[in-house]
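Copied over from Swiss-Prot:
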| type | residues | note |
| --- | --- | --- |
| COMPBIAS | 1-12 | compositional bias 'Polar residues' |
| CARBOHYD | Asn321 | N-linked glycosylation site |
| CARBOHYD | Asn335 | N-linked glycosylation site |
| REGION | 1-38 | region 'Disordered' |
| TOPO_DOM | 1-55 | topological domain 'Cytoplasmic' |
| TOPO_DOM | 74-82 | topological domain 'Extracellular' |
| TOPO_DOM | 103-139 | topological domain 'Cytoplasmic' |
| TOPO_DOM | 161-164 | topological domain 'Extracellular' |
| TOPO_DOM | 185-193 | topological domain 'Cytoplasmic' |
| TOPO_DOM | 215-237 | topological domain 'Extracellular' |
| TOPO_DOM | 257-284 | topological domain 'Cytoplasmic' |
| TOPO_DOM | 305-346 | topological domain 'Extracellular' |
| TOPO_DOM | 367-397 | topological domain 'Cytoplasmic' |
| TOPO_DOM | 416-426 | topological domain 'Extracellular' |
| TOPO_DOM | 448-463 | topological domain 'Cytoplasmic' |
| TOPO_DOM | 486-493 | topological domain 'Extracellular' |
Amino acid sequence: MSGDTGTPNQGGTRYGSISSPPSPGPQQAPPGGTYLSEKIPIPDTESGAFSLRKLWAFTGPGFLMSIAFLDPGNIESDLQAGAVAGFKLLWVLLWATVLGLLCQRLAARLGVVTGKDLGEVCHLYYPKVPRTLLWLTIELAIVGSDMQEVIGTAIAFSLLSAGRIPLWGGVLITIVDTFFFLFLDNYGLRKLEAFFGFLITIMALTFGYEYVVARPAQGALLQGLFLPSCPGCGQPELLQAVGIVGAIIMPHNIYLHSSLVKSREVDRSRRADIREANMYFLIEATIALSVSFFINLFVMAVFGQAFYKQTNQAAFNICANSSLHDYATIFPRDNLTVAVDIYQGGVILGCLFGPAALYIWAVGLLAAGQSSTMTGTYAGQFVMEGFLKLRWSRFARVLLTRSCAIPPTVLLAVFRDLQDLSGLNDLLNVLQSLLLPFAVLPILTFTSMPALMQEFANGLVSKIITSSIMVLVCAVNLYFVISYVPSLPHPAYFSLVALLAAAYLGLTTYLVWTCLITQGATRLAHSSHQRFLYGLPGEDQEEGRTSG
């Protein structure tokens, strides 16, 4: 490795190079192409100087990644947290976003340094059984996220049509509208990224409008944001806190971001180019997640102001005395605390601030659902290609994901009601939190490997912070499961939970084990773990691809 940061490595070796031989059989581009079929060139500027031109060239992946922080699951989590705890959990939102940024920084760094995404690196380093289980957990997270997008979009259509489109009809519409967005690929990568930026702008304007008209108490808001406490909180507030973490730090998003950064032309044989790319991607991700944080803050603050400690009777009276009096019947006439969801949330905003607030809310919700649909499709495609080396078109990938997400959502929409859809949304947020270790542990493992990342491996401070995130998430998840299990409706469910818990703990234990090896606990390693210490030698790469 050359000591001159402006020159390539000796022999032109690429940093983190783990390129493996092509898979057996004929190789061809995936049908319909992929996001990565086009590379964005980076302009040459003065070495070492910050350049807005370069920042603009690197801008795109971070904003696409940030959409997962703004999907309907996040919106549901925000308003539920506001309604249940007022402003008390704003600090959880703030720190979850900061921790999310740290995880996304590691994902981007892995993609830049190695030239491979997290799924591809998992395929190379993990044995067959753990990587197959890992792939299944991430696919489960993607399907869960897609169900939230379907629910959010269906509710948006129902609100915009004043109830003329039933929920099950809105669910079916999502089958059609998804394919419309697949055609956007034909217009080029930068135009696609600009379109996502447009959808984020719509969300910022619509939810920002709701914040302005609701006028939350700024003193209480700032106290909830910067004082990490929750006086008088119990299990409902804990569930919302877990939901916030699961909605903000989504497992599949870490895999997605590590692949999106590969769309920029970075010379990985030059140390300075890699360092520069890492810097610009971090700046872009920070800007993008700052925008997403304020959008989530707008929603949580609005409902913390409008819904906290409100009763169903109070909500009924507000709507009955407004121009949207026909909606009043969705609130029972009792003195129980109102259980708000994204449908009732739009209605009560309309009752409080006029019909415009309802329709603006629905437009923002629609933008959240549609933008998340496309990024979820990309994540699914990248994960499948990385773990299984299967190249599908996005059309086929959307069919697979929606085939899993649509049927249960339609059944709930037809035979149950909004309460059940809202409850499903809450459980899906908790599911994301439970699956989070299967993204954070691998990214922490591989970005801590000097053999893979060389000088860009995690330092001591980064290891401590990221490991603390992992311990915190696992502790909160464990507390939630222990609290939730006694409430199971039938003893037969205990056997199923025990079986799932055994598989969950087994995979988590293996991932923690390999992670500790890369953190310096070399005594835990045996012969099958040598790759985590010394990387994949060139002559063993094919073995690394095929051996179990």
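Along the chain as shown, residues are numbered 1 onward.
A Cβ is built for glycine as well, from the same backbone N, Cα and C atoms used for every other residue.
Non-local neighbours of the topological domain 'Extracellular' (161-164) in the same chain are absent; no residue 6+ outside the stretch has a CB under 8 Å from one of its CB atoms. Secondary structure at Asn335 (N-linked glycosylation site), as computed by DSSP, is coil. A 10 Å cutoff on Cβ-Cβ distances gives Asn321 (N-linked glycosylation site) a total of 11 other Cβ atoms nearby, all chains included. Within the same chain, residues 89, 92-93, 148, 152, 240-241, 243-244, 246-248, 296, 299-305, 307-308, 340-342, 345, 364-365, 368, 422, 425-426, 429 sit at least 6 positions outside the topological domain 'Extracellular' (74-82) and bring their C-beta atoms closer than 8 Å to a C-beta of that stretch. Across the range of the topological domain 'Cytoplasmic' (367-397), the DSSP-based residue counts are 26 helix, 0 strand, 5 coil. Cα separation, Asn335 (N-linked glycosylation site) to Asn321 (N-linked glycosylation site), rounded: 18 Å.
Listed as Cβ neighbours of the topological domain 'Cytoplasmic' (103-139) (distance under 8 Å, sequence separation of 6 or more from its ends, same chain) are residues 14-20, 61-62, 65, 249, 251-262, 266, 268, 274, 277-278, 281-282, 285, 289, 380, 382-389, 435, 438-440, 442-444, 446-447, 452-454, 456, 458, 462, 466, 469, 503, 507, 510-511, 514, 528, 531-532, 536, 541, 544-545, 547-548. Taken together, the residues in the topological domain 'Cytoplasmic' (448-463) have a mean pLDDT of 87 on the 0 to 100 scale.
For Asn335 (N-linked glycosylation site), the Cβ neighbour count at a 10 Å cut-off comes to 9, with all displayed protein chains included. Across the topological domain 'Cytoplasmic' (257-284), DSSP assigns 21 helix, 2 strand, 5 coil.
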